[in-house]
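*Asks:* Quick one: the structure is below, questions incoming.
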Amino acid sequence: MSERTLFDKVWDAHTVRILPSGQTQLFIGLHLIHEVTSPQAFAMLRERHLPVLFPERTVATVDHIIPTDNRARPFADPLAEEMIQELERNCRQYGIRFYNSGSGRQGIVHVIAPEQGLTLPGMTIACGDSHTSTHGAFGAIAFGIGTSQVRDVLATQTLALSKLKVRRIEIHGKLGPGVYAKDVILHIIRKLGVKGGVGYAYEYGGSAIEAMSMEERMTLCNMSIEGGARCGYVNPDAVTFEYLRGREFAPQGSDWEEAVAWWKSLASDGNARYDDVVVFQAADIAPTVTWGITPGQGIGVDERIPAPEDLPESERELAKEAYAYMDLQPGDPIVGTPVDVCFIGSCTNGRLSDLREAAKIAKGRRVAPGVKAFVVPGSERVKQEAEQEGLREIFEAAGFEWRDPGCSMCLAMNPDRLVGRQISASSSNRNFKGRQGSPSGRTLLMSPAMVAAAAVSGKVVDVRTLL
């Protein structure tokens with residue numbers, strides 16, 4: 001068949017059958033689990049006396065609730081200790097590969113799977129976490145799922161899903177200095193809206209995407225969900241193959257060449273039919289900062305907060321709610337907004353290249369008085385490699401705290417939390433009310449380099465002035 005997208009090809013290759021409901025029973029090649037959304041799923045298996053059908057296709061780690069400042073057991077938070085003990089027990093009982101703290105492999109689930117070569121082109125991947133879309137950077141179809149679906153994958157290695165439409169999003173041209181993948185995805189969400197992708201898979205392409213590293217592509221695909229899409233992906237290419245070459249769980253030897261040949265065949269056909277195509281120009285994308293309470297409420301760092309009358313009518317009431325919550329006014333420049341906390345990390349921006357870019361800004365500077373700034377590597381491997389490169393010394397010399405891997409302040413299910421009305425500059429993915437631990441805390445989303453710039457300035461600044 002011709003005129004097929006990668007999504008079509010991967011979907012068809014993993015289709016078990018069409019269910020009476022019209023949904024597709026889809027085989028899941030890799031299942032990733034963590035301590036927060038898996039305990040109830042295992043409990044449901046026990047209630048029904050069901051085994052894990054393919055334990056070798058499931059990989060577990062701890063990331064959401066684990067503290068990043070003190071790993072001594074038992075953890076100070078009894079709930080964290082209980083949930084991690086439960087995951088340890090479940091993995092032992094069912095023979096599931098488990099990367100615990102101190103193994104050298106622990107980290108945020110969407111960081112460790114790619115870095116070990118577990119994530120491969122053409123896979124279907126599921127995890128009880130919405131940012132599973134990250135793995136689409138490799139040309140995989142990856143979904144976040146709920147706890148009952150975690151149970152289904154454990155028991156059957158399949159999911160019942162409705163096939164998505166496909167929207168191709170092209171970014172043409174070259175990104176300017178100080179503009180990163182985080183700015184690209186925030187720009188896309190700003191333009192298409194937080195509900196614009198509902199019912200879609202996003203296929204990213206164009207010269208700006210092709211020029212991105214794999215870690216940048218992961219950032220892009222990671223936040224597809226914030227744009228309403230169920231998943232996002234990039235067609236595999238030479239950049240993909242070079243990243244995967246030699247990684248532990250990637251094909252080796254003669255299997256490698258065979259795998260690459262198949263991966264190449266997965267790319268969307270030149271005449272593939274899309275349900276929609278949207279084109280952006282890289283030159284129009286500036287360092288971007290969110291000012292409101294959804295990831296779609298973002299502006300270029302050199303812009304002012306929009307007035308209600310400048311927004312579509314459907315967005316005006318939410319904008320008024322955001323002005324009040326954030327204590328920001330229409331017409332205010334986003335530059336100069338003071339910050340209390342600066343967080344670099346998360347499955348969006350906790351990889352080695354993210355830390356390198358932030359370190360370039362931190363080097364030779366100091367965190368501003370009154371600002372708490374900390375860096376949370378996305379995995380134990382990222383932490384080790386960053387330390388070998390001297391990044392830890394750069395950050396600590398600048399006054400940043402250097403932490404152990406975990407989700408940290410992205411969702412604050414751990415001790416890393418805002419207090420009261422504190423406002424954070426954050427490299428994470430969501431800025432909802434109360435997202436970072438305090439019911440009244442405020443979040444400004446931006447790239448890691450922009451976070452570092454805010455940390456040393458005590459306020460939002462244009463990172464391009466510090467390059």
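Cβ coordinates come from backbone N, Cα and C, glycine included.
Given the structure is predicted, the values throughout are model-derived calculations rather than measurements.
In case it helps, Swiss-Prot gives these features for our protein:
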BINDING   CYS347, CYS407, CYS410  [4Fe-4S] cluster binding site
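What does the local environment look like for each feature on the list?
*Replies:* CYS347 ([4Fe-4S] cluster binding site) falls within a helix when secondary structure is assigned with DSSP.
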*Asks:* Is it possible to get the count of other C-beta atoms within 10 angstroms of the C-beta of CYS410 ([4Fe-4S] cluster binding site)?
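*Replies:* Excluding its own Cβ, CYS410 ([4Fe-4S] cluster binding site) sees 29 Cβ atoms within 10 Å.
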*Asks:* In the same chain, outside CYS347, CYS407, CYS410, whose C-beta lies within 8 angstroms of the Cβ mean position for the [4Fe-4S] cluster site?
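*Replies:* Apart from CYS347, CYS407, CYS410, the close residues are ASP63, HIS64, ILE108, HIS131, GLY345, SER346, THR348, GLY350, GLY406, SER408, LEU411, SER428, ASN429.
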*Asks:* If you count Cβ atoms within 10 Å of the Cβ of CYS407 ([4Fe-4S] cluster binding site), leaving out that atom itself, what do you get?
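*Replies:* Cβ-Cβ neighbours of CYS407 ([4Fe-4S] cluster binding site) within 10 Å number 31.
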*Asks:* With Cβ-Cβ distance below 8 Å and at least 6 positions apart along the chain, what are the contacts of CYS347 ([4Fe-4S] cluster binding site)? List them in sequence order.
*Replies:* ILE108, VAL109, HIS110, VAL111, HIS131, THR134, ASN222, GLY378, CYS407, CYS410, ASN429
